[in-house]
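What follows is a set of notes on a single structure, which appears directly below.
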């Protein structure tokens, strides 16, 4: 009996030591991994697993077609066509509705399936419409664009110049009353904006880096946009530390809260109580899954380039907002500015997810379509700013812009290095034996890559363990912890 017990104990120790040894693929194997089209398809058009309410997930194409035809024919024949301007407006609006319905039926929904894939298909359709409008705008003249804006809103879009508030006035006067006077609606916008950005990026160091990088960007572009000039205590104290910092803290806390929560997506048909059904219905509007995002689990140089590109696109999109409203004299309080920001925020959510998976997972063979459209939108907006703001860009100081690009490159490298160092000395990693050498290994698995990989594939791929509950996947997904 004692011998059997000792034998059983030896088997357990041997099994534990076997789990402690982690085998990694080499970097050469990782870089030459053949992309898997299934992973790419999941990122671009994710399928809803375990459908519980069939009616909500059936396409209903025939019903939609009949209702659409009846509605459009009725409005076309019953509306007053005596006004040419109104006819053009109603025709464009009907065309947009038709395009969005087609997008809801045929376009990809991207990596998200909550609250419903049709919402993300419509958002993708809106982004395509906006992209087409931008492409059309590039070939127009400044006069025609202003006439179109006046036609849309004769009162508020009829300005030739934009009068903006000056912030860099009497900066030596630092009092509580003066500081409190700067706590306007834009301060609330900073806080809410960075809360959402932290939820999208899900990496505290990158959020802080982008926040600081934007203030540096404002400093370097002040000679083009005087409205960027502000007092040092406003930029550092109110923007970076208070509003942005508080938003990053709240967003990061919500990320951790969602990571710790256990969502049970059981079928609503199996829930017996009314309270349970209501709770399940409410959870439909929460993320289907919420996993950690780590931008630094691969080759350091490659990851630095991806982070640098991500930050540059992000800052370019922010700059487009200010240049567009300045060049075409659109006031900040106008609904057009507000809804453009909302649109950019909505399309950036799946775009960031697709960009992250494309940058970190070697099995994803191409960039997702929503991220592709987002990059095209940024490029076309920048083209419009350059074409119609030529007179303003004549005073561009190339030396300052070159220095700005160089500083952002250094900042991207520093953020990568700091993130690697922080992860090494935090609870995110653990020293394990890798090919008879101690290496820092992440306790979470980027093979799960934001739920884009199927569970069956994960069970086949993740066969190495640190202990019974901690997964330490192969280097083909994580990459070694190195600088």
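Placed from the backbone N, Cα and C atoms, the Cβ positions cover glycine too.
Annotation source TrEMBL lists transmembrane segment at 60-79 (among others).
Here TrEMBL flags 91-112 (among others) as transmembrane segment.
Sequence annotations record features per position, and here TrEMBL assigns transmembrane segment to 118-139 (among others).
For 206-226 (among others), the entry in TrEMBL reads transmembrane segment.
Look at TrEMBL and you will find 232-255 (among others) tagged as transmembrane segment.
Among residues of the same chain six or more beyond the transmembrane segment (300-317), those with a C-beta under 8 A of the stretch's C-beta atoms are 206, 209-210, 213-214, 217, 344, 348, 355, 359, 375, 378, 381-382, 408-409, 411-413, 415-416, 420, 482-483. Under the heading transmembrane segment, TrEMBL lists 300-317 (among others).
Look at TrEMBL and you will find 337-359 (among others) tagged as transmembrane segment.
Per TrEMBL, transmembrane segment is recorded for 371-389 (among others).
Residues annotated as transmembrane segment in TrEMBL: 401-423 (among others).
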Close approaches to the transmembrane segment (206-226) from elsewhere in its chain (Cβ under 8 angstroms; 6 or more beyond its ends): 166, 194, 197-198, 235-236, 239-240, 244-245, 248, 251-252, 295, 307, 311, 314-315, 318-319, 322-323, 326, 392-393, 395-397, 400-401, 403-404, 407-408, 411-412, 414-415, 419
Residues from the same chain, set at least six apart from the ends of the transmembrane segment (371-389), whose C-beta lies under 8 A from its own: 124, 127-128, 130-131, 134-135, 137-138, 142, 145, 313, 316-317, 319-320, 323-324, 326-328, 344, 347-348, 350-352, 354-355, 358
